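Q: Found this in Swiss-Prot, in case it helps:
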type: ACT_SITE; residues: Tyr164; note: active site, proton donor
type: ACT_SITE; residues: Lys168; note: active site, lowers pKa of active site Tyr
type: BINDING; residues: Ile18, Ser37, Lys46, Asp66, Tyr164, Lys168, Val197, Thr199; note: NADP(+) binding site
Amino acid sequence: MNTSSRITYFIIGGSRGIGFNLVKILSASTGNTVITSIRGSPSLPKNKQVEDLAKIRKNIHIVQLDLTKDESIGNIADEIKKTPFFLGIDIFIACSAVSDSYYKVLETPKSVWLNHYSTNALGPILALQKVYPLLLLKKTRKIFFISSVAGSINAFVPLSVSAYGQSKAALNYAVKTLSFELKPEGFTVVAFHPGMVSTDMGQYGLDHFKEKNIDISGVNIITPEESASALIDVFRKILPEDNGKFFNYDGSEGVF
């Protein structure tokens, strides 16, 4: 097997939703190796579909990662290096997130703020700190964060998503900072809005807004597969001059 020409992806959060569909689509090409993380036991129902797919496609390798646990984050690089034929990571994709904060700012509990920040902003950055040396082993050096327009200041969405929006705004700031810090080493760091997606998490939000009689009739709702497919099309077009930018799933440039 010629492994030197293969593209290796590391996807955080590949067990379901957008992350699973990224794994599914990218692993369909035999020229790709997809390393993806799951949270919790492989036997859990939420991890079953990616575990089953990995049994069929030998270019999928699964590692354990809990973005809220220091020990788990600390072990992630070693877990990745144990995967078959590992030579380095070409493209890092942080996709895991939590979104269950539909409170007004003055009503949001401290635990909700901290959980969203830990999972959506701090966790992916701490994981990147650990796998950064593995990205240096390859010349591709692309880092993609699945963010959200909910974290945009200049394109503010007038919905009460408090802790979720704040956590994505923090992630977006990290993207901008990383883009200039890592540029001298040839990295391209980009944030992406995946659209309004009918994942379990997205559907929970949609149901909440409907229950509160909030008009979302103008929102284009897409499936996880549609989002992942569109994102991959944009991923493939990313050039070094796109470093530090924010793109929508349809390829249009967003604003921070």
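Even glycines carry a Cβ here, placed using N, Cα and C.
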Q: Can you name the residues of this chain that are 6 or more positions from the residue listed as 'active site, proton donor' yet have a C-beta less than 8 Å from its C-beta?
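A: Non-local contacts for the residue listed as 'active site, proton donor': Val98, Ser99, Asp100, Ser101, His116, Asn120, Ser148, Ala150.
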Q: Ile18, Val197: which of these binding-site residues has the highest Cβ count within 10 Å of its own Cβ?
A: Ile18
Q: Return only the integer: C-alpha distance in Å from Asp66 (NADP(+) binding site) to the residue listed as 'active site, lowers pKa of active site Tyr'.
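A: The separation of the Cα atoms works out to 18 Å.
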Q: Look up Asp66 (NADP(+) binding site) in the DSSP assignment and report helix, strand or coil.
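A: DSSP call for Asp66 (NADP(+) binding site): coil, neither helix nor strand.
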Q: Residues with Cβ closer than 8 Å to the Cβ of Lys46 (NADP(+) binding site), same chain and 6+ apart in sequence?
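A: Expected: Ser15, Arg16, Gly40.
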Q: What three-state secondary structure does DSSP assign to Lys168 (active site, lowers pKa of active site Tyr)?
A: helix
Q: Can you tell me how many other Cβ atoms are located within 10 Å of the Cβ belonging to Lys168 (active site, lowers pKa of active site Tyr)?
A: 26
Q: Do you know offhand how many angstrom separate Lys168 (active site, lowers pKa of active site Tyr) and Ile18 (NADP(+) binding site) by C-alpha?
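A: Distance between the two Cα atoms comes out at 17 Å.
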